[in-house]
Amino acid sequence: MPKKQPKLTNLFWSAAILLVCNFVSRVLGFIYKIILVRMIGTSGIGVTEMTGPMYSFALVAASLGIPLALSRQLAFEIGKRRYQNLRRLQNTAMTLLAILGGAAALICCFFAPTLAERFGSAAGAGYLRTLAPAVLIVTVCSGFRAYFQASKQIGVIGLSQNIEQLVRVMAGSLLVWLALPQGLEAAVQAVAWATVLGELCGLLFILRAYLKQRPRNDQPPDMSHANIVLRLFAFGAPVTIQRLLMSAILMAQAMLIPLALQKGGLSPAAATDAYGNFSGVALSLIHLPGIFTATLATALLPSIAESDGNRARLNSRINQSLHITCVIALPFMLLFYEFAEELCVWLFKAPGAAQSLRILSMAAVFIYAQTAFTSILQGLGKLKALFVSLALSGLAFLAAIWWLTPQLALSGAALAELSFAACACLIDFAYLRHFTALRLDFLNVIVKPLVAVIFGALSAKTAESLLSACCQLNDWQMFLLMSAIGGIAYLIVLTFLGGLPKVLRRYLSPLVRKQP
């Protein structure tokens, strides 16, 4: 029987713990990306970014949606108090995951040279081969995470993710530093070894927690192994198809952009370096605010699922999620556009990514809103709609890459990314209107944040003129002051207009909380 939960371990606290842990994990991941780009350069990060989608595809193919199906089935059995079935469910699923993960790991290991050659990166073969054990480790670990998710022990999942990420950052920094004298290929393999080590530590932590409280019951189970397997695959298949499609699109992106750059006149080495600038630097920066938007939007998902059937409440929850997204996205959009070169140089020492970041900044709202739309549609169970949206926008994306990148280089790739986010966002929005008769709160979601960000930008520009005339400040000091002044002005105007989301309102001053 799963460990009995204290009163505080309810849905709210479980979600809060996971959100905090996810936030910490993503921040650590971003810091790690900065360290890697500075150590192995955009050429090295280009290799990892070109090969990484193959690893992600292997992970999705290995799990086949079983962890999600397992969590759902375990939660169902716990709710029915049929504790005698838990151990058989867990053991059957773990056996399946071990077999599938092992097979995927072997395929990655033996076919790494062939796969890497398709992606035009010889160094990628060693990277993918070294990563192969991580496929098995992550797949097995996902089964244990499903158990703790079903029993609402979310803290264990979050801590295992943080341990994995922390070990990866520390081990990666050390191993890359030791491997650099041996060349770029050795340094890239060191990155892979750090990933394997981090995943292994996360697995050991969650395994130890599981062994302390694995399900025990003297009564015989009333579910056969065959029945369990059928249930797991039946529920996991729809989710897997969508995830495989997304992984396939990312694989195609990693293959097509370097090829299109070579078609435009770059050498293979220069194309790899350019792809490192685009994917490793520009995309990493543009997705950074997703730490906040995804965290806050996800906090509303349980209420969205609960509101299904109550149209007025559902509309309110969806508008809240989109409101949060726009309030966070618009100032970051302006920041990335105005300081693209400074951010790329200061953080990554990669000025070649600045133009891509400036173009991607115009897609920021679509990128962050797409995350919210996807989560909402998942919460409503509209997986078919998500698949259609992803397929159509993915086709437009890949066509734009092949058409624009040879002519415009990385600017073309950035425009293709913009088209992908915009298409997916608009299709998802159309589906939401169809399924929920959504009435967008245009005033709060778009107008108020837009007015506030314009005032914030004007305040920052005015401050820049005044400070330049009276103070001797370097670029970094000017950036910090302008960002602070613009951000404060943005929040003040947004609060005055009554446009601050309720979720954020609770954590600000008493004056803000009195806002109607």
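Cβ coordinates come from backbone N, Cα and C, glycine included.
Bear in mind that the values here come from a model prediction, so they are computed numbers and not experimental data.
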Please find, within the list 33-51, 166-184, the residue stretch that TrEMBL describes as transmembrane segment.
166-184
Stretch contact, the transmembrane segment (385-404) with the transmembrane segment (480-500), Cβ-Cβ under 8 Å, 3+ pairs:
no
Taking residues 6+ outside the transmembrane segment (166-184), which of them lie with a CB under 8 Å of any CB in it?
28, 31-32, 35-36, 39-40, 43-44, 47, 123, 190-191, 193-195, 197-199, 201-202
Quick one: do the transmembrane segment (442-460) and the transmembrane segment (480-500) have at least 3 Cβ pairs under 8 Å, skipping pairs fewer than 6 apart in sequence?
yes
